[in-house]
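Here the structure is laid out as structure tokens; the discussion comes afterwards.
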Amino acid sequence: MSPEIKMLLNIFILGIGFMLMFTAFQTCGNIEQTVIKSFNSTEFHGSGYTSMAIIYGVFSASNLIAPSVVAVIGPQLSLFFSGLVYSGYIAMFIHPFTWSFYTFSVLVGIAAAVLWTAQGNLLTINSTDSTIGRNSGIFWALLQFSLFSGNLYIYLAWYDKVHILDKDRKTVFISLTVISLVGNFLFFLIQRVEPEALPLEASESLLPGDTSESDSVGKAIQLAVTKEMLLLSISIAYTGLELTFYSGVYGTCIGAMTRFGNNAKSLIGLSGIFIGVGEILGGSLFGMLNQCSHFGRNPVVLLGLLTHFLAFFLIFLNIAPDAPLAPEEGTELQGFITPKYEQTLMLCSFLLGLGDSCFNTQLLSIIGFLYRDDSAPAFAVFKFVQSITAAVAFFYSNYLLLHWQLLIMVLVGFAGTLSFFMADWIVVCRRRDSDYDSI
């Protein structure tokens with residue numbers, strides 16, 4: 001098997017492993033606040049929003065040590081052991097306690113930093129400058145199949161349910177735990193590509209013992225203050241805010257709308273399906289099919305901003321302002337449009353997923369291209385910024401009405417798009433003579 005074929009196969013295995021893991025974890029995040037509201041027990045007093053705030057807060061801090069962990073034990077084992085922690089968090093919902101809920105929230109935050117740093121490293125060392133765009137799209141499309149499959153299960157399992165019973169919760173989370181574990185073990189199928197068998201541009205690899213802890217932390221800090229990374233950080237921050245919104249807040253809002261009657265809970269799963277369809281379509285168009293190679297990254301990011309703005313406007317019209325904060329019984333308030341508009345909200349879900357894929361595929365590509373020789377520290381910075389803004393967003397989701405949350409995303413999204421344009425322009429000017437290839 002040629003090195004090029006082996007690298008492509010590794011990308012597919014990496015993507016499928018993440019697809020299975022996040023079929024479980026993203027579905028868990030999408031429904032956990034709704035599940036918690038339906039969980040009647042004097043032993044449990046947790047909040048899904050608070051849990052996610054803890055996860056992303058610890059995630060952001062742990063990115064300082066994640067490159068060192070990946071350097072010491074290697075990216076493959078980093079993926080496996082981090083994945084086991086994710087599986088433990090999901091299994092905890094089979095019979096949750098407040099102490100175990102928040103303890104696993106902390107552990108998942110640490111594991112997430114290691115997981116995503118290892119993912120960025122493996123993506124980079126299995127790509128060349130000419131294939132980093134294609135491989136980013138392949139990985140992103142496979143990853144986002146998780147939104148489709150997991151939420152389809154939720155839609156079918158919870159159809160026409162007003163309250164989530166204990167047996168419903170246990171069945172769902174046992175299934176999700178098994179799916180997550182299967183994804184973890186797939187990482188052992190990733191093959192090492194020998195550096196001497198690769199072109200010079202693809203020969204960089206992060207091996208055990210390559211990098212000392214101080215070197216990794218220092219390099220991450222150095223990269224964080226470069227002009228390009230500072231500009232990209234605003235775009236990355238925006239992806240953290242909208243990650244919070246589509247992966248937790250939006251599903252909770254739909255489930256709280258009593259005007260949808262008995263279908264409100266099942267619509268959470270259907271919404272996740274349409275988010276996944278948008279993510280998969282975006283990853284395919286702007287990655288695997290490489291449709292925008294002649295126009296650069298900027299039009300893709302602009303498309304992402306416009307689709308998100310349209311989705312935010314329609315959500316503002318259709319969903320009650322107090323929906324993110326409503327109790328388990330839901331809210332009796334209405335949006336500006338009072339008839340049933342389930343189809344409009346599913347369109348919004350699709351637009352949220354499509355816009356998210358536009359931003360993330362381009363950020364993965366440009367960071368992998370810019371920082372090929374320092375891929376692990378660079379992706380650690382990426383996840384640090386994204387996770388800390390996600391933590392802030394999950395925290396204020398406990399308190400802010402819907403229209404304030406939408407306004408924050410509009411302002412940061414506009415600023416992030418402009419900053420991405422500036423960063424991409426700097427890259428093009430500096431590397432005009434290289435084989436620069438975007439997705």
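Placement of Cβ uses the backbone N, Cα and C atoms for every residue, glycine included.
Listed in TrEMBL:
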type	residues	note
TRANSMEM	7-26	transmembrane segment
TRANSMEM	46-65	transmembrane segment
TRANSMEM	77-95	transmembrane segment
TRANSMEM	101-125	transmembrane segment
TRANSMEM	137-159	transmembrane segment
TRANSMEM	171-190	transmembrane segment
TRANSMEM	229-247	transmembrane segment
TRANSMEM	267-288	transmembrane segment
TRANSMEM	300-320	transmembrane segment
TRANSMEM	344-371	transmembrane segment
TRANSMEM	378-396	transmembrane segment
TRANSMEM	402-423	transmembrane segment
Result, the transmembrane segment (300-320) in contact with the transmembrane segment (402-423) (3+ CB pairs under 8 Å): yes
Range from 46-65, 77-95, 101-125, 137-159, 378-396 with most C-beta pairs under 8 A to the transmembrane segment (267-288): 137-159
Chain residues in Cβ proximity to the transmembrane segment (344-371) (below 8 Å; excluding those fewer than six residues from its ends, i.e. six or more beyond): 120, 123-124, 127, 129, 132-133, 136-137, 139-140, 144, 147, 223, 228, 232, 235-236, 238-239, 242-243, 245-246, 250, 254, 267, 270-283, 286-287, 297, 300-301, 303-308, 310-311, 314-315, 318-319, 337, 377-379, 382, 416, 420, 423-424, 427, 436, 438-439
Residue numbers, six or more beyond the limits of the transmembrane segment (7-26), whose CB comes under 8 Å of its CB atoms: 1, 79, 83, 86-87, 89-90, 119, 122-123, 126-127, 131, 135, 138-139, 141-147, 149-150, 176-177, 179-180, 182-184, 186-187, 189-191, 193, 198, 202, 247, 272
Close approaches to the transmembrane segment (101-125) from elsewhere in its chain (Cβ under 8 angstroms; 6 or more beyond its ends): 10-11, 14, 18, 44, 46, 50-52, 54-63, 65-67, 69-70, 75-76, 78-79, 81-83, 85-86, 88-89, 92, 132, 135-136, 139, 190, 193, 202, 204-206, 364, 367-368, 372, 375-376, 378-380, 382-384, 387
Proximity verdict for the transmembrane segment (378-396) and the transmembrane segment (77-95), three or more C-beta pairs under 8 Å: no
For the transmembrane segment (46-65), distant same-chain residues with Cβ under 8 A (at least six beyond the ends): 29, 32-36, 96, 98, 101-102, 105-106, 108-110, 112-114, 117, 213, 216-217, 220, 240, 244, 248-249, 252, 380-381, 383-385, 387-388, 390-392, 394-395, 397-398
